[in-house]
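This report refers to the structure that appears directly beneath it.
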Amino acid sequence: MRDNQQPAPVVDVRSLHVRFGEVEAVAGVDLQAHAGEATALLGRNGAGKSTTMRVLAGVVPLTAGSARVAGHDVRTEPLRVKQVVGYCPDVGGLVPRATPWEHLQLAARLRRMTGWEEHGRDLLERFELGDVAHRVTAGFSHGMSRRLSVVLAALHLPQVLLLDEPFDGVDPIGVEATFEVIADARARGACVLVSTHLRELAVEACTSVSVLRGGSRVATLAAEEMAGEEGARAYRGLLD
Amino acid sequence: MPTVASSTETPPVPAPPRGLWHPRLRGPRRSDLTDAVRAVVDVGHLLRFRRATMRRRGAFAAGMTLLLLLTATAATVPALTPGAGGDGRAFEVLLLLPTALGAFLALAVVSATASGGGRELLARDPAAVHPVSPTTDHLGALLLAPLNIAWLLQVWMLLGTTAYALGWRPLLVGAQAVLLLWVLTATAVAQAFAWALESARRLPHGVVGVRALVVGLLGAVVGLQVAGQLVATFDRIPTQWVVIGMITGDPWVLARTLLVLLGAFLLAVVLGAVPAHVAAHRVPRDEIGVEGSSYGVRRTPRTDLGVLLRTDRASVWRAVPMRRGITVLALGPALVAVIGNLPWSSMTVLPGLVASGGALLFGVNAWCLDGRGALWRESLPVTAAAVFAARAWVLAEFLLVASLVTVAVAALRAGLPTAAETAALVCTVVVVTVQVVAASMRWSAARPYAVDFRSARATPAPPLGMVGYSARLAISTTFTGLLFSGLSRIPEWRISVLVALPLLIWSAARLHRAYRRWLEPDQRARVVTTVAV
């Protein structure tokens, strides 16, 4: 039922379960995220952050529960979900023998974008990838790959921006550029989810933080509550 | 900003300043012998690691048992057939044995050279964090060389030929021992040669130099053929003494032959480590060339399928192992056909051979082309049907290009074909292509593996899996080739078309089943999360 005070969440996950054979990667996550807000997903390795992101990106099917993205059910409307989502996966995320520009062309064509070239070039320049736009990504460093993955997620100004470990191995210029992408997305009313291990960066980039443990959500707090030493203690307390 | 070499790239080891000890290079505290012993011990560690990470150990044990049984069968059963060891056909076969031994060496050199030094016991990226020496890499590649259906088929053919030529008599045991030692020696020599060529390829302008060498060798072969001297040249290959050692029945000659071959084998194994070290300390220019090249901007395709096809084609044709492999596959059999003056009726075996080999370059694990980009690609708004269609199409055209080049070159000396021969050959090309694509797409979904095709030595599946795939492909496509070979001798060309139809329908149904499987989100998620690791 819709709350009169609070607009309907753009990302609405209820009792999400994802099972791979005997392994339960996500065990009952509930998560709501709203337009114009950035939510960080924090937690230890194996907490279910990346799997939750993959479900929201329409890459991995859920086993039980429900997940809606911008009003679309990920189970029954996966293509609609993929149209409104921009996804930066946690690993790699790049086709090894395609160039950054060819990645942009692929994404733009499949999303029916026109006149995207100037924006694409601008994004590449902001992430300092303009010089390598026509070289295959197989030779990229880890940081370069991460930066390009963020560019690809942001290209079509998605309604929902899913960034999984966007800061991992990225230099300060890349981190700043990612902050800008998140801020721009929020400013135009997009919903942003950032999964990361880097608590301080998550606090700086996001408005709220959800902590996952053992495949379930254990807390959702305002970002400032997780800041500084106090926040570090609170975070450790939630992980134990 | 780095633009070419990845942070995971193994850099060339710089030479240490004079007088300083360096753990990886020759120094006062570590002898070459110690390094060699350590390298051999490390091969054991890597083998145990591979065994521990094996998915289906039962299948592995069964596969190895089957291979041993087939080898024993090939070495003995032909000796019991009528005419074996006689003066007629068996003697003629014996006369051809020295040439066959030489041909085995030549093909082993081509195979090891095409794969840039043989297969890896541990892939380049995972190996980068371990102190795996080039000697270990060299020995591992030698151990993996027999796990290749082309190698196995040749060995079985040589064992069978020897058994038939000599018949069931006491000297057969010694002869087969000599033959096996020759096979091992030739493999080790080929491996050493391949490392030497790979180290030359990694010199400045080495790629051009090696290509010039290959073109020169091809030119020499063609020249010898034109001059009618090719067979005579093959006959002059000094392998006759090996055959003499096999058949004289004199125990001293046999023992001397065995000792010489054993010595040559050990020498080739040891010497092969030298160019392996040299190659390891040089930058792989072919691979770096692909990663460092700038690719021109082309207009965005107008359809979803168009852009998917372009992306997949780039993944195939920009990969060094695919480019090298398909060149060897397309030209190798064609050259043999031209030299052997293969008639149109026998040419139907070529498309199956080439298509099977092409599928083994990446097709049997087709989804691994996306590598770590698989997760991102799966998040794009396009139907799974279009993605499947693009991948199957790109695989089919890859196989077709190779098959057509082979047939075109092989046809140079074959004259004009009859309508029946043309129909049989066209039907073979179409049927084996659909057969191989259907099998490949089925296996790709059933058993995906994460593979990094940056290395010229990469294969799409583990070694024993490759043997299984290649055996199954070889059986089905050879059967098809032989069937249409027979049909090409029937004057009515429509019979080939009529026979091709049910075969095509059968393969198309199997392809459709693979397609239905790919449409299931659970199956697709399993594949993309596996290949993206």
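Any Cβ shown, glycine's included, is placed from N, Cα and C.
TrEMBL lists B:1-10 with the feature compositional bias 'Polar residues'.
Taken from TrEMBL, the feature region 'Disordered' covers B:1-27.
Annotation source TrEMBL lists transmembrane segment at B:58-81 (among others).
Sequence annotations record features per position, and here TrEMBL assigns transmembrane segment to B:93-118 (among others).
Here TrEMBL flags B:139-159 (among others) as transmembrane segment.
According to TrEMBL, the feature transmembrane segment maps to B:171-196 (among others). Residues 75, 79, 101, 104-105, 108-109, 111-113, 115-118, 138, 141-142, 145-146, 151, 155, 158-159, 162-163, 239, 242, 245-247, 249, 251, 254, 257-258, 261-262, 264-265, 268-269, 271-272, 274-276, 278-279 of the same chain, all 6+ positions outside the transmembrane segment (B:171-196), place their C-beta atoms under 8 angstroms from a C-beta of that stretch.
Packing against the transmembrane segment (B:208-232) from elsewhere in the chain are residues 197, 200-201, 331, 335, 338-339: each is 6 or more residues past its ends and has a CB under 8 Å from a CB in it. Feature annotation from TrEMBL assigns transmembrane segment to B:208-232 (among others).
For B:252-274 (among others), the entry in TrEMBL reads transmembrane segment.
Annotated transmembrane segment per TrEMBL: B:325-344 (among others), in sequence order.
Look at TrEMBL and you will find B:350-369 (among others) tagged as transmembrane segment.
If you look up TrEMBL, you'll see B:390-411 (among others) marked as transmembrane segment. Non-local neighbours of the transmembrane segment (B:390-411) in the same chain are 305, 308-309, 311-313, 316, 322, 326, 329-331, 333-335, 337-338, 342, 344, 347, 350-351, 354-355, 357-359, 362-363, 366-367, 369, 417, 425, 429, 432-434, 436-437, 440-441, 511, 515; each lies 6+ residues outside the stretch with a CB under 8 Å from one of its CB atoms.
If one looks beyond the transmembrane segment (B:423-445) by at least 6 residues along the same chain, the residues whose Cβ comes under 8 Å of a Cβ in the stretch are 344-345, 347-348, 351-352, 355-356, 358-359, 363-368, 388, 391-392, 395-396, 399-400, 403-404, 407, 417, 469, 472-473, 476-477, 480-481, 484-485, 487-488, 493-494, 496-497, 499-500, 503-504, 507-508, 510-511, 513-515, 517-518, 523, 527. The transmembrane segment feature in TrEMBL is assigned to B:423-445 (among others).
Sequence annotations record features per position, and here TrEMBL assigns transmembrane segment to B:466-487 (among others). Beyond the transmembrane segment (B:466-487), the same-chain residues lying 6 or more positions past its ends with a Cβ under 8 Å from any Cβ of the stretch are 63, 67, 147-150, 152-153, 345-346, 348-353, 355-356, 359-360, 364, 420, 424-425, 427-428, 431-432, 435-436, 439, 443, 459-460, 495-496, 499-500, 503.
Annotation source TrEMBL lists transmembrane segment at B:493-509 (among others).
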Near the transmembrane segment (B:493-509) in space but 6 or more residues beyond its ends, with Cβ under 8 Å, are 418-420, 422-424, 427, 430-431, 434-435, 437-438, 480, 483-484, 487
The transmembrane segment (B:58-81) touching the transmembrane segment (B:93-118) per 3+ Cβ pairs under 8 Å rule: no
Surrounding residues of the transmembrane segment (B:139-159) on its own chain - C-beta under 8 Å, 6+ positions past either end: 39-40, 43, 46-47, 67, 70-71, 74-75, 97, 100-101, 104, 107-108, 111-112, 117-122, 176, 179-180, 183, 187-188, 191, 269, 272-273, 357, 457, 463-464, 466-467, 470-471, 474
